C-alpha cells in the first residue's frame with residue numbers, strides 16, 4: 001500500500017486516503033459440491049455473480065454512499081473494501097492511494113462498523129470505549145481516559161456516558177446512541193478510513209440524521225474518508241452525502257455526485273415525482289438504468305492473500321511497513337480482558353446472582369431431602385450413591401446456562417480480533433482465570449450446606465476434598481461448554497449438542513451400566529465421561545478402605561489420579577476451544 005497522500009484537506013489533517021476499485025467482481029459457488037438428489041449424486045453448485053465489473057472510488061473529506069435495492073451487492077462491496085470477505089472468488093483490483101491494498105497496513109488505518117452492533121450490554125458507554133482504547137492503543141490508562149472523554153464529547157454521548165449499553169428490550173441507551181457507541185469503538189485508534197454498513201438501519205429519522213451528521217462533521221473537521229451503505233435515505237440525510245455509488249444487480253449504474261445522479265435520471269427519460277428525493281427514486285428505478293461500462297482489467301484472483309498484496313506493492317516500488325503487531329503484551333491483554341470479563345460476570349444476573357442463589361438454595365433443599373442419610377445404617381450406601389449421582393447430574397447439566405454468554409463473547413471476540421485488538425490466546429487465558437475464583441465461590445455455597453446436612457463423613461479432610469471435587473466438576477463443565485460454544489453456530493444447536501453429550505456421559509459413567517457390561521466398541525465413552533471420575537472420587541472419599549469400594553473395583557489411590565484426569569479435561573477442552581476460536585478468527589481476519 002502506498003504511503004499516505006499528503007494534501008491540504010479540511011480540518012487540517014495532512015494524511016488522506018482514497019479507495020478505488022477497478023473492474024471488481026465477486027462470485028460464489030461453482031467449485032462447491034453438493035448432493036443434487038436423494039440418491040446422493042454429486043453435482044457442482046451453480047456459480048452466482050454478486051458483483052460484476054465494479055469500478056468506483058471514495059475520496060478523503062467526503063461521505064461516499066453505496067446505495068441500491070435489496071440484493072444489489074451493497075454490503076458485499078463494503079466488506080471487500082474493508083478486507084473482510086473470506087470466501088468466494090474476487091477478481092479485479094482494490095486500490096488504496098493508487099496501490100494494491102495491503103491487509104496489515106490497511107487494517108491499521110481503517111475502521112469497519114458492521115450493521116449489527118456487538119457490544120457488552122452490562123458495560124457503560126464510557127467503560128466500553130475505555131476498554132477498546134486500552135486494547136487498541138499503546139498508551140497509559142490515564143491517556144486512554146482523556147482520549148475517551150474527548151471521543152464521548154465528539155459523539156455527543158456525555159449524557160449517557162455512565163449508562164449501561166443494554167440489549168433488546170432491556171433498559172439501556174437508545175438505538176441511535178448504541179450506534180454511535182459502535183462507531184466510537186472503531187474511532188478510538190483514530191482511523192483515516194471508516195466503513196459503516198447501514199448506519200441508519202433500525203433508527204428513527206431524528207436518530208438517523210444525528211448519526212449521519214456526526215459522520216459528516218468528521219469529514220469536514222478531520223478529513224476522514226467515510227464509506228457507508230444506505231437503503232432508504234431521507235432528504236436531510238441526502239444533503240450530507242457527497243458521492244453516490246448506485247448498484248443494480250451487482251453492477252454500477254452511477255458513480256458521482258448527487259447532481260450527476262439527477263442528470264442521469266433526467267437524460268434516461270425519467271421524471272422524479274414530487275416529494276421523493278433523487279436517491280430514493282433512483283433506487284426504485286435502478287434496474288432500468290444503463291450500467292456504467294468500464295475497460296477490462298487484468299484479473300487478480302488472489303484477492304484475500306496478503307502475499308499477493310505485498311508482492312504487488314513491493315513490485316511497484318513501495319516500502320512495506322510491518323506494523324500489524326498488537327498494542328499490548330499477552331500479560332497486559334489478559335489483565336485488561338480479565339477486568340472486563342469480571343465486570344460482565346458480576347453484572348450478569350444469570351451468571352452470578354442467580355447462579356449463587358441457585359447453588360445455595362439447591363444445597364439446602366438437597367440437604368433437607370437427604371437429611372442425615374449418612375448416619376443411617378440400613379440402605380445408607382444405596383442412598384448416598386444415588387445422592388452422589390444426582391448432584392453430579394445437577395451440577396454438570398446446570399452449566400449450559402452460560403452458553404448464551406459464551407456465544408455473545410464469541411461474536412465480540414471475532415469482531416475485535418479481526419482488527420487485531422488482542423490475541424485469541426489472551427482471551428482464552430483471561431476467561432479461564434476469571435472463572436476459577438468465581439466457580440470456587442459457587443462450589444462452596446453448594447458444598448457447605450449439603451455436605452453437613454446429609455451427614456457425610458464428618459471429618460474436615462472429607463469436607464475439603466468433597467468441596468474440591470465439586471469445584472473441579474464446575475470448572476470441567478464450564479470448560480466443556482466454552483469449548484462447544486466455540487464450535488456450534490447458534491444457541492439451539494449448542495443446547496442440543498451439549499445436552500446430548502451430557503446424557504451420553506451419564507449413561508456410560510458406570511452408574512447405570514457397569515464397566516464390564518459396556519460393549520467393547522463403546523468403552524471409549526466410559527473413559528471420556530465427565531461423570532465417571534468425579535463419581536468415583538466422591539465414592540472413595542466417603543468409603544475409603546471399605547469393602548464396598550473393592551466390590552466397585554475402586555482403589556483409594558484413584559482419589560488423586562482421578563483429580564489429575566479431571567484437570568486434564570479442563571486443560572484439554574480449553575486448548576481445543578482455543579484452536580477452534582483461533583481458526584474462526586483467522587478465517588474472519590483473512
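The backbone N, Cα and C atoms fix where each Cβ goes, and this holds for glycine too.
Because the structure is a prediction, the values reported are computed rather than measured.
The feature transmembrane segment, as given by Swiss-Prot for the ranges 542-562, 563-583, sits at 563-583. Given the ranges 351-371, 519-539, the record in Swiss-Prot names 351-371 as transmembrane segment. Counting other Cβ atoms within 10 Å of each Cβ, the lowest count among the binding-site residues 70, 75 belongs to 70. Working note on the binding-site residues 68, 71: by count of other C-beta atoms within 10 Å of each C-beta, 68 ranks first. Following the DSSP three-state reduction, the secondary structure of residue 69 (ATP binding site) is coil. Same-chain residues lying 6+ beyond the ends of the transmembrane segment (563-583) with a Cβ under 8 Å from its Cβ atoms: 410, 413, 424-425, 427-428, 432, 468-469, 472-473, 475-476, 479-480, 482-483, 485-487, 530, 533-534, 537. A Cβ within 8 Å of the Cβ centre of 68, 69, 70, 71, 72, 73, 74, 75, the residues given for ATP, is found for these other residues of the same chain: 247.
Cβ neighbour density within 10 Å is lowest for 69 among the binding-site residues 69, 72, 73, 74.
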